[in-house]
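Trainee: What Swiss-Prot records for 1-34 is topological domain 'Cytoplasmic'. Per Swiss-Prot, the feature transmembrane segment maps to 35-62; the stated evidence is sequence analysis. What Swiss-Prot records for 63-303 is topological domain 'Extracellular', and it gives sequence analysis as the kind of evidence. Residues annotated as disulfide bond in Swiss-Prot: 126-149, 159-175, 213-276. As annotated by Swiss-Prot, N-linked glycosylation site applies to 158, 193, 265, with the evidence given as similarity to another entry.
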């Protein structure tokens, strides 16, 4: 039994290193060199094919604009202040109850101050009335960064914070700021005049994407009271000269046009559901995404 064990150990040692044939693990030095050379060339070719494929793919991709945008959803509509559960509840005589809402609006509007838009190399005046979309060339680096339209806070009227630092909350007349989320290259298409006949409050303007805020439910419609809109040219919507958006690389300081909405006589001590909706030929709505083209917010002014 001891001999068998010794013989077995000897065969293993001989397999690892055979001094007679000069073999290591059953192969000579030349054989090991050839097989290693084969695998180096084989995996080198695989790596080359992979890198080449990636390079070819990168040549078809622009860093400024996606090649395919056919599945990009229409832009969402959001409001400031941005709050959890989209509920605004406060007492006009209690500053602490609306302090968070006011601070949220103040912080958002910081970049819209005149002092932040003075650089003429970045910003330009695009008029005080709505006009057509402002094309700024192809989506590439040939012309460098593109200029951005200025947006004046004074256009937001009572909701600008210039005359009322509480944005109406102190008087029980809350303001919300509405913006259309950025989508690269998106150009809004306002609805046709005849499609607005069922919305008498909305006036047709071919250069404005209109927005309307109404009561969400039938019982809310009589409680929402008067609604005032403040925007560029006193238009209740988004002017088209701020579109299309060219992205962070070409327009790092881009300012979205804003629309301010003030509710001046909401029914007190009542939770009112309000829906704000943008109207356009290329604005869509989805039951799965309640912010796509619209949003709803609950507002309660307590006595």
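Glycine residues also receive a Cβ, built from the backbone N, Cα and C atoms like all the rest.
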Trainee: If you skip the near sequence neighbours and keep only those at least six away, which residues in the chain come within under 8 angstroms of residue 175 (disulfide bond), Cβ to Cβ?
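Mentor: Those within reach of residue 175 (disulfide bond), by Cβ under 8 Å and sequence separation of 6 or more, are 105, 158, 159, 167, 168, 169, 260, 261, 262.
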Trainee: Between the disulfide-bonded residues 126, 149, 213, 276, whose Cβ has more other Cβ atoms within 10 Å than any of the rest?
Mentor: 213
Trainee: What mean pLDDT score does the topological domain 'Cytoplasmic' (1-34) have in the model?
Mentor: 66
Trainee: How big is the Cα-to-Cα gap, in Å, between residue 213 (disulfide bond) and residue 265 (N-linked glycosylation site)?
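Mentor: Cα-Cα distance, residue 213 (disulfide bond) to residue 265 (N-linked glycosylation site): 14 Å.
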Trainee: Can you grab the distance from residue 149 (disulfide bond) over to residue 276 (disulfide bond)? Cα atoms, rounded to a whole Å.
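Mentor: Cα-Cα distance, residue 149 (disulfide bond) to residue 276 (disulfide bond): 25 Å.
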Trainee: Would you mind checking how many other C-beta atoms are within 10 angstroms of the C-beta on residue 158 (N-linked glycosylation site)?
Mentor: 18
Trainee: Going by DSSP, give the three-state secondary structure for residue 193 (N-linked glycosylation site).
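Mentor: Where residue 193 (N-linked glycosylation site) sits, the three-state DSSP reduction gives helix.
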Trainee: State the Cα to Cα distance, in Å, between residue 265 (N-linked glycosylation site) and residue 276 (disulfide bond), rounded to an integer.
Mentor: 17
Trainee: Using DSSP reduced to three states, classify residue 175 (disulfide bond) as helix, strand or coil.
Mentor: strand
